[in-house]
Every structure is written in structure tokens, then in C-alpha cells.
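Engineer: If you scroll down you'll find the structure; I have some questions about it.
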Amino acid sequence: MIDPVLLREHPDVLRRSQEARGDSVQLVDEALQVDIERRAAITAFEELRAEQNAFGKRVAQAPKQEKKELVAQAQQLAGRVKEAQQVAAAAEARFESVLRKIGNPVVAGVPSGGEDDYAVLKEVGGIPAFGFEPRDHLALGELLGAIDMARGAKVSGARFSFLRGLGARLEIALMNLALDKALANGFVPLITPTLVKPEVMQGTGFLGEHSDEVYHLETDDLYLTGTSEVALAGYHADEILDVTEPLRYAGWSTCYRREAGSAGKDTRGIIRVHQFTKLEMFVYTLPEHAEAEHARLLAWQEEMMQALGLSYRVIDTAAGDLGSSAARKYDVEAWIPTQGRYRELTSTSNCGTFQARRLETRYRTESGKTAPVATLNGTLATTRWIVAILETHQREDGSVLVPETLRPYLGGLEILEPIGK
């Protein structure tokens, strides 16, 4: 949620941000008007309550013969106070409802526009060259006995798979490599809940216009998370933190996404699935340190890409493709040989105080007051990375060379061999 002070004092900042996102600029003006009405309602309530308190003292001190009439007046006044309180509460709810529709103000320099309007910041590693026709990750996975889409569909439906044998071992190895990288950089590991309450899902910004992407268990009123970011953001809800140094967490979880808007996209293999595993970095820090921490998260992601021998690029995501919570997001995309293009493997977002303000996660300032912390997140490994690893390191016979950094996590295995070879 945005800062009401920013709304009142710098509405043009929000107007420019909304315009860059392709969202309604009118929401800012609506919020300003509702804020005026809210403050007027609160003032009216507080004045009536002060009058009620003063009248109560008068009743207490009045002679006995006057009290009956004064008590009747006090009861009438109490009714007016209650009514004013209800009006103020309704105005507060309207204001919060409008505020929640306004996206996080984007950081200066974020490109305007939609999904295709990103800026390429760098490209690392050359395009892999093969002296043969490369196989895609599913063909390789089937040769290796590593990916079974048919039985995944039989058991659970489209966009589900079994990772078996070398596939299961490869994912576990990848996740453990990422976990060790996180530990080396001071992250505390957590295995997080994958079911969360509505207020936590709402607080992180995942129940807005894309709520149809989320699985909801209606009977229990719980949501399946598409990232451990949600649980990690809720971990310190309603708390006052010491963020003299950043609090860094690495959440390991199974993730679930409905992919409601992805009909016909990436229907082959495990690029876009309903269930996957992910190791997510999540940081609480001081707002003034958020941009520097964002750069660190990106650097750690790049270290992982380089450790796995993947060619990649980094893009600065355009404002209209950020989602409501992020003020800036970098995507790291790996080259997928059989598609002849880069595909997103990971992203990292600076959410500023947007999530913390909703979830009441605060720190104490030097003056002793409390203020919302900044939150950031970034993926360090996920199931989709297997796609790039298999395709990049494949050999003509269908075997796959294991990146050196993964070998200790696979018992020293250097080559993934096709079944029966």
C-alpha cells in the first residue's frame, strides 16, 4: 500500500507512476478526494467524542434534580457519536480500498510500458553453438528417464509432471547448491508453509487483478502460494524489527500457480507448470538501503547463472509488467537453444515499503517512532532452471554434461547418460 503522506504531498509522483504502468491516473485523484472526506469524518467524530467527554463530566457534577434531563441529552449525544464513528470507519475503509488499487510508485529509471518494453542491461556468455541439431529439454528428459509428462497428466492433468531418477536428483542438487550459496551470504533457511491466510496473500499484493492465478481452498479460506515470498513477507507481520543489518531469509517451498492466462503457451515440457520447487531469497531492510540490497540480490542470482555455465541476459522490467507490489524488477533470462531466445529463469523485486505497510512490519526510527521497513525478494533456483541446464550442456548422443558446481551434489556424477546406454 502506498504512503498516504506521499499521496497528499506529491500526488504527481503517483500520477506519473500510474501512467508508466498503464494504470488509471484517475485513481490518484479519487484517493485525494476520499482522503479529504475521510479526514473530515474523523474530525467530526473526534469533536463529538470530545463534546461527549465534557458533557459526561457535567452530568457527574450536576445537581440531582437536573441529572435526569442531562442523562437523556447524554444518551442522544452518544447516539450521534456512534453514528459519527460509523461514518468515519466507513470513510477509512473507502480510503484504504482506493489506496490498495494504486500500484507501488516505480523507481526512477524504470522503463514505461508493458511486457515488451523492457530495457536490456547486459548479456553474459555467448550463444551456445552445436555441431548437431540440439534436442529440447523434454526430449532430453525422456531419454534420460528424468521427466515424465504423460504420467503427470494421467495423475493430475495438464501442466503437471513427474521428475524421476536423474531429474529428481538434478532438482535436489540444484536446490542444495542454491541453499549453500544463500547460507554463504548470510541467509537463514526456512521451509515455509504453502497455505496462507487471505490477509497475508492480500498484504503481499497477490490478490489484485491477477487473483485468478492463485489456487484458493474455499472451505478453509486458505491460499496456495506461488512463491515462498508470500509466507516470508507474512513471517514478521505486525512486528517491530531491528533492521540495523538486513534480515535475510531463504525460503524453500513447493509452489503452485493456476497459469489461468497461459492457454496455449509453453504446453510442452516443464517451462510453465502448475507445481514446482523454488528457493526464494527474501530481505527486510531499511528503506534507504533497499536499492543497494536489490543490486546484491541480482549479483547473487548472476553468480548462480555463471556457476551453472548458462548464457543469460539481465533486463529492467517495464513498469506495466511489474505487478502492483514491485517498484523495480530485474529479470535474469537464460538462452534456450531450441527456442532461439532468452527465457526468464529468475527475477528479483524491490517492493520498498509497499508490502510492509500493508502487513504492519515496522522498525523504530532514531526519533523513537515506528515506520515500515522495505522488503525485497529474488529467486535463487527453481525447477525451470533444469530446462536451461539440459539444453545448454547436452551432447549429440543425448547425454548431458553436469556443470562442475553441481557434481558434488550428485555424488561426483559428471555425465547424465540416457537410459539403457
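Each residue, glycine too, has its Cβ placed from N, Cα and C.
Straight out of Swiss-Prot:
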type	residues	note
BINDING	T227, S228, E229, E280, T379	L-serine binding site
BINDING	R257, R258, E259, V273, E344, L345, T346, S347	ATP binding site
Engineer: Same-chain residues six or more away whose CB lies under 8 A from the CB of R258 (ATP binding site)?
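Structural biologist: Listed in sequence order: D212, E213, V214, Y215, H274.
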Engineer: Given the binding-site residues R257, E259, E344, L345, S347, which one's Cα is the least distant from that of E280 (L-serine binding site)?
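Structural biologist: So, of the listed binding-site residues, the one sitting closest to E280 (L-serine binding site) is S347.
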Engineer: Fill in the CA-CA distance, S347 (ATP binding site) to T227 (L-serine binding site), as an integer in Å.
Structural biologist: 12
Engineer: Could you give the Cα-Cα distance between R257 (ATP binding site) and T227 (L-serine binding site), in whole Å?
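Structural biologist: The Cα atom of R257 (ATP binding site) is 9 Å away from the Cα atom of T227 (L-serine binding site).
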Engineer: When you tally the Cβ atoms that lie within 10 Å of each candidate's Cβ, which of the binding-site residues (T227, S228, T346, S347, T379) has the highest tally?
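Structural biologist: Counting Cβ neighbours within 10 Å, the top one is S228.
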Engineer: Quick check: of the binding-site residues listed here (T227, S228, E229, T379), which one has the Cα closest to that of V273 (ATP binding site)?
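Structural biologist: Going through T227, S228, E229, T379 one by one, the Cα closest to that of V273 (ATP binding site) is T227.
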Engineer: Express the distance between the Cα positions of L345 (ATP binding site) and S228 (L-serine binding site) as a whole number of Å.
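Structural biologist: The Cα atom of L345 (ATP binding site) is 16 Å away from the Cα atom of S228 (L-serine binding site).
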Engineer: Sort the binding-site residues T227, S228, E229, T379 by C-alpha distance from E344 (ATP binding site) and give me just the closest.
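Structural biologist: Nearest in space to E344 (ATP binding site), counting only the binding-site residues, is T379.
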Engineer: Neighbours of the L-serine site T227, S228, E229, E280, T379: Cβ within 8 Å of the Cβ centroid, same chain, sequence order.
Structural biologist: V230, L232, G251, S253, C255, K278, L279, M281, F282, N377
Engineer: If H, G and I count as helix, E and B as strand, and all else as coil, what does DSSP give for S347 (ATP binding site)?
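Structural biologist: Strand, per DSSP.
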Engineer: Compile a sequence-ordered list of residues in the same chain as E229 (L-serine binding site), six or more apart from it, whose Cβ lies below 8 A from its Cβ; state 'none' when nothing qualifies.
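Structural biologist: In sequence order, the residues whose Cβ lies under 8 Å from that of E229 (L-serine binding site) (at least 6 apart) are T204, G251, E280, F282, N377.
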Engineer: Near the Cβ of E259 (ATP binding site), how many other Cβ atoms are there if near means within 10 Å?
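Structural biologist: Neighbour count, Cβ to Cβ under the 10 Å cut-off: 16.
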